[in-house]
Each structure stands twice: as structure tokens, then as C-alpha cells.
Amino acid sequence: MAKKKAPQKQKQPRFTKPSLTLSPKNKIILGSFLFLFGLALLIAFISFLFNWQADQSVLSQLGDRETQTQNLLSKFGAGISHFFIYDGFGIASFALAVLTVTSGIYFFFNLNKNALKNFWFWGILVMIWLSVFFGFFSGSNSLLGGTIGYEMNDYLQDYLGFTGTILLLTFLLVVYLVARLKVTPEKVLAVFRNTKQEISDDFKAPENRPAPAVQKTEASFKDPSEEKQEPSEVIIEEEEKEEPSKPQAAAEKVVIRSEEDPDDLEMEVETATEEEEVEDNLSTKLVQDYGEFDPTLELKNFQFPTLELLKDYNANGGGITINQEELEENKNRIVDTLKNYKIDIAQIKATVGPTVTLYEIIPEAGIRISKIKSLEDDIALSLAALGIRIIAPIPGKGTIGIEVPNKNSTMVSMRSVIASPKFQKAEMELPMALGKTISNETFVVDLAKMPHLLMAGATGQGKSVGLNAILTSLLYSKHPAEVKFILVDPKKVELTLFNKIERHYLAKLPDTEDAIITDNTKVINTLNSLCIEMDERYELLKEAMVRNIKEYNAKFKARKLNPENGHRFLPYIVLVVDEFADLIMTAGKEVEAPIARLAQLARAIGIHLIIATQRPSVNVITGIIKANFPARIAFRVTSKIDSRTILDSQGADQLIGKGDMLFTQGNTLLRLQCAFVDTPEVEKITEFIGSQKAYPDAYQLPEYSGEESGTGLDIEVGDRDKLFREAAEVIVIAQQGSASLLQRKLKLGYNRAGRIIDQLEAAGVVGPFEGSKARQVLVQDLEGLNQLLDE
Ligand SMILES: Nc1ncnc2c1ncn2[C@@H]1O[C@H](COP(=O)(O)OP(=O)(O)OP(=O)(O)O)[C@@H](O)[C@H]1O
């Protein structure tokens with residue numbers, strides 16, 4: 001299949017690296033020299049075979065002009081042939097001549113140099129092998145192996161003996177056949193089988209053979225019986241290809257005519273040749289010259305935060321402590337309680353986690369699961385513990401689970417999850433180390449796969465810590481070039497620490513001061529701007545003919561997308577809203593609509609949303625939002641109804657708080673202990689990052705001026721941009737009022753293009769802002785424009 005050609009308008013990069021590669025002209029000169037030199041070697045070698053004895057006596061006088069030699073290339077021929085054949089590798093030296101001729105052809109036609117290197121490598125090996133092999137016969141003819149072949153053969157025979165040398169040469173031959181000619185036992189067998197098949201086919205009657213369609217057509221002109229007796233030979237002539245630049249899939253024409261009867265009707269057979277792959281030359285060349293595009297280059301000395309910045313909470317005490325007494329006591333209570341209700345247990349097993357212990361029981365046959373489930377409160381009463389959860393049955397296992405909180409829970413430190421191999425080796429786009437599971441395994445998920453996360457929990461149950469844990473995970477795994485955060489914090493205090501990494505990791509609207517958004521009206525603008533970014537990204541993906549951001553960035557890194565056409569490396573954007581309820585209460589539909597739109601569409605283009613709320617009621621987490629957030633985290637909530645709103649099932653109301661949480665990605669519920677990261681730790685991390693070299697500014701989101709600022713523009717004529725007139729013409733000709741068009745055509749930044757659009761609106765060239773659609777152009781043609789502007 002033909003690969004996509006590099007964009008037509010691709011230009012040479014601005015700086016050209018001094019290159020050692022030959023210019024096309026020099027390649028032709030070198031190619032012809034090598035070709036002719038190789039040819040001279042061939043002629044000299046062949047001539048040497050016949051005249052070597054005659055010329056041998058004059059070898060010492062080759063410097064003398066009067067000396068006569070028989071070699072076709074005279075003294076040069078005699079000398080060089082003697083050097084290579086007699087003193088060198090014997091007749092195997094012909095390989096050198098062939099290799100030189102081949103090199104000439106390769107340079108002349110500028111063919112793939114890697115293949116040439118391969119030729120030389122294997123050619124030299126074959127030459128040495130042949131020379132050693134012919135060394136066996138050097139006694140009878142000293143030209144066969146040459147002096148080197150003879151000596152090497154002699155040397156090998158001294159150490160390995162005659163048989164050993166033969167075995168070694170055979171082994172090397174096998175290596176050559178397998179490594180170079182790719183001969184495999186299967187292929188050898190297939191060749192044998194084919195030959196056998198052909199022989200047996202020959203014995204079969206010709207009419208039994210399925211004749212190719214073309215032969216059938218030809219046969220219809222002849223007497224079939226005649227043909228049966230004397231199958232006429234056909235000559236297949238390949239017509240010279242007239243136009244080498246014809247499309248690759250063009251059919252190859254073959255003329256078939258009978259040799260017996262030259263007057264017989266000629267028939268043209270067309271067979272479609274396989275489409276050749278069009279090498280994406282420019283991108284391959286760019287990658288060869290400059291290497292793959294590296295998005296991290298601008299901050300190439302950026303250092304990821306070190307583990308030392310995180311506190312080691314388990315340093316003295318370490319890990320989970322198993323309290324045998326507590327386990328035994330709980331087990332007995334569970335067994336006794338169930339026995340009171342006439343439920344016998346066949347087996348019981350305990351898994352101790354950081355905060356809860358899971359008791360898995362297998363009841364005796366005939367016990368109804370619903371009966372155990374209904375005893376939840378009774379078991380909780382008898383264990384005198386909060387937060388007991390019964391999972392009946394545990395999905396994927398034939399057991400019933402009873403989760404009982406530990407008396408002394410163990411804190412899961414952020415350090416332990418970040419240091420775990422699971423996180424360190426995670427091959428994910430946006431890895432998040434959320435915490436540890438009940439079996440004490442580190443739990444890491446990919447935000448890019450989720451693709452959006454809804455987080456809820458009553459106040460003080462660990463939401464903010466959870467958000468910090470997620471952000472910390474991303475800071476520990478992603479370079480500032482790869483991910484950008486938009487932080488919305490109506491509470492104004494939770495995420496302020498991240499201000500320090502504004503120019504590394506944050507994204508914001510142009511011309512705004514704070515990157516962390518605390519004002520609800522700004523949230524609306526940011527969300528709408530993010531929608532514009534989303535549309536732009538989809539447009540870029542469409543142009544690049546890829547389906548998602550991963551493929552797009554891979555293509556961009558391989559330099560197959562031209563930055564001059566607006567293509568750029570796309571970082572992931574993670575929008576974090578700390579208190580969604582507050583937002584929806586004040587802005588309502590205005591935020592719900594863009595959030596729903598982003599949630600529905602943004603997954604492919606690398607925009608992911610994390611939304612946290614204290615109040616998981618249905619007017620906050622509306623149906624449309626819920627439908628688009630399949631991944632959910634629930635910390636402890638106060639009522640069963642809230643639990644249902646977040647998880648679609650109860651359970652979150654039975655959690656014990658302090659980071660105890662339930663996680664779902666649409667199917668099963670998983671109980672996790674969230675990793676704990678304290679404010680001073682976050683502060684240290686952000687300080688560590690913030691003190692390093694940063695980008696000049698935060699990542700700029702597309703400008704969105706909001707509806708109210710779109711009207712009543714009053715821009716002085718003198719304040720118009722220098723490119724105002726040119727921009728107006730571009731817009732009128734294209735009849736499309738979009739800033740991105742100006743960006744592309746006039747190579748402007750987004751801000752300047754946006755400003756020009758505002759000026760065009762004020763001048764009456766384009767209509768008002770219409771959301772993500774292009775503005776209406778109010779002037780029909782250039783004449784109209786001139787008239788308008790002259791006024
Ligand atoms: N994973 C955890 N491990 C241990 N303790 C935790 C964990 N998460 C939270 N806590 C404890 O709970 C307290 C409150 O957590 P956090 O501030 O995250 O609550 P919140 O849900 O954000 O509350 P609010 O909504 O009022 O901001 C923390 O100060 C901490 O002591």
C-alpha cells in the first residue's frame with residue numbers, strides 16, 4: 001500500500017547541518033569511476049588467467065617503460081592481477097571486481113546504501129571462504145586459492161586437520177545459506193515437493209490441468225486437438241516500459257505469440273504489478289538528518305522530582321503489621337454470628353490489607369447467599385466495627401467476602417506507590433498510582449484509558465489528598481512537554497501550591513494572570529476555550545489522517561507532519577475541578593454543556609477531565625455527566641443514596657474514611673486505600689520543579705472572549721494590525737471568518753490572529769462570534785472590501 005506522501009508544501013528546515021553526504025553530481029562521477037574501475041579489474045583478471053605465466057618473468061621490471069606484458073591492461077593489469085590473484089585470494093578475487101562494479105552502479109543510480117554495505121560484507125566473506133576452499137587445490141594450480149588462501153588453508157589444516165577444515169568450511173557455508181540466502185529446511189522441502197509435483201503433473205493429461213484464462217482465449221482460435229498433440233512454445237516478451245513515471249499500479253504488458261506460427265494472432269496479456277511502496281522520502285531524510293522530533297528538547301535538562309522529596313511514613317515500623325490475635329478474634333466472631341443464624345462455614349481465609357482485612361468464606365452447600373447478605377448489620381454489630389462490607393459473591397471467585405476494618409490501619413505513603421515497580425515500569429500514557437488494593441498491591445491505572453474520572457466523597461474523607469496523589473503521579477512520570485494541567489479550585493486553597501509549576505505544567509487562557517482558576521466566570525471561558533482546542537485538535541488529526549493523539553504524536557515525532565502547516569506536538573491536557581458542585585450551582589448549564597461536550601468527544605485528542613465533588617446529588621452529577629464518566633472514585637459518603645449516585649450501588653457509605661475508597665471503571669468495584677501525600681510534600685515537589693528552567697509562559701489555550709465581549713467592539717483605525725488589510729483579503733477570498741485560517745495563511749500566532757478577527761468584526765468585515773463555528777463573512781468580494789475600507 002502506498003504510504004501518504006509528505007505534504008506538498010514541505011520546506012527545508014531553517015538550519016542546515018554540514019553534511020558529509022555526496023551531492024547527486026558527485027555520486028554520478030564516483031559511480032562511473034567505480035563501475036569502470038571494476039570493469040578494468042575484471043578485464044585484467046581474465047587476461048591474467050591466460051597470460052600470467054608469460055608476464056611473471058617481467059613482474060620485477062614493471063617500473064621500466066620498455067617492458068612488454070601480455071595482459072590486456074598492460075603493466076597495470078599484470079601488476080594488480082598478480083597482487084590480488086597470485087599473492088592474494090586466487091580466483092576468488094573476482095569477487096572484488098564484481099563488488100566494485102556493483103558499487104559503481106549503486107552510486108550512479110543512487111540506490112540504497114545499506115544494501116551495498118551488505119553486499120560488501122558478505123562479498124568479502126565469500127571471497128575469503130572460496131580462497132580457503134580453493135587452498136585445498138593450490139598444489140595443482142597456484143592461481144586457485146592464491147597465496148593467502150593457501151596459507152590460511154595450511155594453517156587450518158595444521159590445527160584442525162583435513163577433515164576438521166572441511167567441517168569448518170561446511171559449517172560456514174551453512175551459516176551463509178541461512179543468514180544471507182535465508183534458506184530454511186522448510187524451503188528446501190518445498191522446493192523438493194514442487195519438483196515432485198511438476199514431474200507428476202507432466203505425467204498427467206494436459207486437459208486435466210487448469211489452463212490460465214489467457215491460454216484458454218488463445219486456444220479458442222486453434223484446433224484443440226492440434227494443440228493437445230503439440231503444445232506450442234510461447235515466448236514472453238516484456239515490452240519496454242515507456243513511461244516510468246506512470247502510476248505504480250499500472251498493468252505490465254506482456255505479448256504472447258506462438259513461435260511455430262509467426263502469423264498467428266498476437267495477444268496482449270495485462271497483469272497488474274504489485275503497488276510499490278512510496279517511500280516517505282522527506283520525512284525519512286529529516287529523521288536521518290535530525291533524528292526524531294523530541295518534544296522535551298526545549299527543557300532537555302529537566303529533572304524529574306526525586307523520591308527523597310516524599311516522606312517515608314513507614315520508615316520505622318514498616319509495612320503492614322499482622323495482628324494474629326485480632327484476626328483470630330474476628331474469625332471466631334464471624335463464624336459464631338453466622339452459626340447463630342444456622343449458617344455453617346466450610347472454609348475461611350483472610351487477606352490483610354492496609355486498612356481492611358478481607359475474610360473470604362465458603363459456606364456449606366445449600367446456604368443461600370442472600371441470607372448472608374442480609375446479615376450485614378448483625379455481623380457489624382457482633383464485630384463492633386464500622387465500615388463492614390459484604391461482597392456476595394466476590395466476582396470471579398466462588399466465595400463470599402466480608403471486609404472488616406483493621407484496628408490499626410497502615411498508611412499507604414505516596415513514596416511507596418511511586419517507588420513500586422508497578423508504577424515505575426508502567427507503560428501507560430498517563431499513569432496514576434491511586435494507592436493499594438486489599439491484597440496490598442500497588443494499584444496503577446491509565447487516565448488516558450478511563451478516559452475521564454469522577455470523584456466524590458463527603459468532606460474530610462480524602463478527596464483533596466486523592467487529587468494530589470493523582471497530580472503527583474503525573475508529575476513523577478510525565479515531562480512538562482507531555483502533559484498540561486488546567487486546575488479549577490473554587491475553594492481557592494487546595495491547589496494553590498501548583499502555582500509554582502505554572503510555566504512547566506499548567507495551561508491557561510491568554511492574557512490571564514493566574515493559571516489556577518478560582519473564579520467561576522473564568523471557568524466558563526476556559527471550558528469553552530478547551531472546546532475550541534478540542535475542535536482544533538480534531539482538525540489536526542483529520543489532516544494527519546490518524547485516529548488519536550498517540551498516533552498523531554508518533555507521526556509528528558517521525559517528522560511526517562509539517563509544523564508550517566499548523567501541526568504541533570500535542571501534550572495531554574488534564575482538567576481538574578476540585579469542587580464541581582459549587583460550579584454547577586453558580587453557573588449551571590453554562591458549565592454543564594461544555595463539560596458534557598468535552599467528556600463525550602475529548603477522549604481521542606488527549607483531553608481528560610477529573611471532577612471532584614463533595615455533594616454527589618443528582619442535580620450536581622447529572623445524567624449526562626454520569627453517562628460520560630465511566631471511571632469513578634468514591635470516598636466515604638454519608639448516605640446510601642449518595643453512594644448510588646456515584647457508583648450506581650451502595651458501599652461507599654460503609655467505607656471508613658481517611659482515604660478508604662471504592663474505584664470502578666464501569667464493572668466491578670475495587671476497594672483501595674488511597675495513597676497519602678501531605679501538603680508539605682506537594683510543596684517540596686512543586687518547589688523542586690518550579691526552581692528549574694521553565695517555558696517562557698504557561699501553555700496557551702485558544703482565546704475565547706465570551707459572548708459579552710464579542711459585541712460593541714470599538715477599535716480605532718490607527719490601532720489596526722499591520723496585516724489587517726491582508727488578513728481582510730484572505731478572509732474575503734476564502735469566505736470563511738476563522739482565526740485559524742489567518743494563522744495558517746499569514747503564519748501568525750493565535751493571539752494576533754484573534755485580535756485581527758476582532759478588528760475585522762469592528763470594521764464590519766466579519767460577523768459576531770458563533771461558538772466553535774467560523775464567523776460569517778459580511779463582504780462578498782474584494783471590490784466590496786475595498787469600498788468598505790475606503791469609506
Ligand atoms: N489516603 C489517606 N491516608 C491517610 N489519611 C488520609 C488519607 N486521605 C485523607 N486522609 C486524612 O483525612 C484528612 C482530610 O483529607 P482531605 O483534605 O483530602 O479531605 P477532603 O475530602 O478533601 O475534604 P474537603 O472536601 O473538606 O476538602 C487529611 O488531612 C488526612 O488526615
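Any Cβ shown, glycine's included, is placed from N, Cα and C.
Long-range contacts of the transmembrane segment (28-50) within its own chain (CB-CB distance under 8 A, at least 6 residues past either end) are made by residues 22, 70-73, 76-78, 80-82, 84-85, 91, 93-94, 96-109, 143. Among the features that TrEMBL reports, transmembrane segment is placed at 28-50 (among others).
If you look up TrEMBL, you'll see 83-107 (among others) marked as transmembrane segment.
Within the chain carrying the transmembrane segment (119-139), a Cβ under 8 angstroms from the stretch's Cβ atoms is held by residues 88-93, 95-96, 98-99, 102-103, 145-146, 148-154, 156, 165, 169, 172-173, 176, 180, all 6 or more beyond its ends. The annotation transmembrane segment is assigned in TrEMBL to 119-139 (among others).
TrEMBL lists 159-179 (among others) with the feature transmembrane segment.
The region 'Disordered' annotation in TrEMBL covers 202-267.
Summarising the annotation, TrEMBL assigns compositional bias 'Basic and acidic residues' to 219-231.
Annotated domain 'FtsK' per TrEMBL: 440-644, in sequence order.
A C-beta separation below 8 Å, combined with a sequence spacing of at least six in one chain, links Gln461 (ATP binding site) to Phe635, Arg636, Val637, Leu655, Gly657, Lys658, Gly659, Asp660. As annotated by TrEMBL, ATP binding site applies to Gly457, Ala458, Thr459, Gly460, Gln461, Gly462, Lys463, Ser464.
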The sparsest Cβ environment within 10 Å, among the binding-site residues Thr459, Ser464, is found at Thr459
Same-chain residues at least 6 beyond the ends of the transmembrane segment (159-179) with a Cβ under 8 Å from one of its Cβ atoms are 122, 125-126, 129, 132-133, 153
Within 10 angstroms of the C-beta of Gly460 (ATP binding site), the count of other C-beta atoms across all shown chains comes to 12
Same chain, |i - j| six or more, Cβ under 8 Å of Ala458 (ATP binding site); the result in sequence order is Gln614, Phe635, Arg636, Val637, Thr638, Asp642
The correct three-state DSSP answer for Ala458 (ATP binding site) is coil
Same-chain residues at least 6 apart in sequence with Cβ under 8 Å of the Cβ of Gly457 (ATP binding site), in sequence order, are Lys463, Gln614, Pro616, Ile633, Ala634, Phe635, Arg636, Val637, Ala652, Met661
Ser464 (ATP binding site), DSSP three-state class -> helix
